[in-house]
């Protein structure tokens, strides 16, 4: 049987699709009874599975599709509606819950996909290959080669290519979660709470070690003064030119969580180089760097030099901490496997989500602010807890009381989320459409549609929101069409 790809989308008839998890067998948790070729995970699970045919968990697809839809909404409408855009540095907005939700559902599905591993070496190889493929795809789509909407050009200077991004972070989180699931759990039967803890104890230790490493580096590394290059326009009518100037950021501190002198940026500058970091960081929307804060805008008078400095919001150290969100998802997936009735699952999910959320606010009170760019521990706990509550809610509505029709669009999108992400969120499809225009590049189908809606609503903001909502519906229907045709993107 062909390998099952569980990416942001996955196999059409698989009950748990998520980013790039693959096996040598198709996995159908709660989709068919066990057989000699597909034995149950443990003795406690065997009898219920033999007596009845379990139901497919559509809530996982709905969860995944909803996060993709939110991703499109906040990315494409955030410019017109700064309130739903990413927070400039500290605190959180709606947009700041999207990426952790991706990572969370990766962990949930990885627990299902890797619940039976005939060959650990082969499973490790497949996990590594798929993580590498996802990472390379991320570099191609987000490394600067594709210039996005309104720019009918492509290409990137390898000296300036961005190595990290959203897909690369997903690849890192998936790989660490998959390796832990393959190598760190034992084959003990789970027939009690104690045996459950013993089975997954080493995974929890791994998550705690990653967290301790992150905290030690963030508060222990010494950040010295550092320099970066910035282009200065020195053009005249007779001799246009761009000069490159060196700017110096004065730090000399430890434990700073502000934009210029944090250890997260230090690690990226040392290991990747400042040239390969994101050139338009979110802190350019802070009050110090924008007169239109919390939106982008011109620099205010006497703006600090770090407003022009590069910083990668998906950097190495923050991605390491982001992987812990996948481990939280693993725990929720383990509960799904071992608890065979709805009430138990929802109770344990409720307890875990509550503990995570309360811990997040306690850490904030102790001085660890919520910050997506740094992916602070408090931010990780908060977003993981909210993701847990969302999964609990969708599971109850979709899989317990079986209200599925209102969520069918999200379910379709969740089944083919990788295609939607590549074509929509990375602006590949609108860029291709804009390549066909009438006499002037502005006269293309995408821009004309958005301008028409803005004229109908007599508002740029409301017209943009309507355009983005129409875009989401379009991609839901496109994903539904692909699902009906049995087409799914594999890596």
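Just so you know, the numbers here start at 1 and follow the chain as drawn.
Heads up, the Cβ atoms here are built off N, Cα and C, so glycines get one too.
What TrEMBL records for this protein:
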- 28-53: region 'Disordered' (REGION)
- 56-190: domain 'Heparan-alpha-glucosaminide N-acetyltransferase catalytic' (DOMAIN)
- 57-74: transmembrane segment (TRANSMEM)
- 94-115: transmembrane segment (TRANSMEM)
- 127-146: transmembrane segment (TRANSMEM)
- 166-184: transmembrane segment (TRANSMEM)
- 204-223: transmembrane segment (TRANSMEM)
- 316-337: transmembrane segment (TRANSMEM)
- 346-367: transmembrane segment (TRANSMEM)
- 379-398: transmembrane segment (TRANSMEM)
- 418-437: transmembrane segment (TRANSMEM)
- 462-482: transmembrane segment (TRANSMEM)
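Sequence-distant contacts of the transmembrane segment (346-367) (same chain, six or more residues past either end, CB-CB distance under 8 Å): 328, 331-332, 335, 339, 377-382, 384-386, 388-389, 391-392, 395-396, 400. Across the candidate stretches 316-337, 379-398, 418-437, 462-482, the maximum count of CB pairs under 8 A to the transmembrane segment (204-223) is reached by 316-337.
At the 8 Å Cβ cutoff, the transmembrane segment (418-437) and the transmembrane segment (379-398) share fewer than 3 close pairs (sequence separation 6 or more) and do not count as touching. For the domain 'Heparan-alpha-glucosaminide N-acetyltransferase catalytic' (56-190), the model gives a mean pLDDT of 87.
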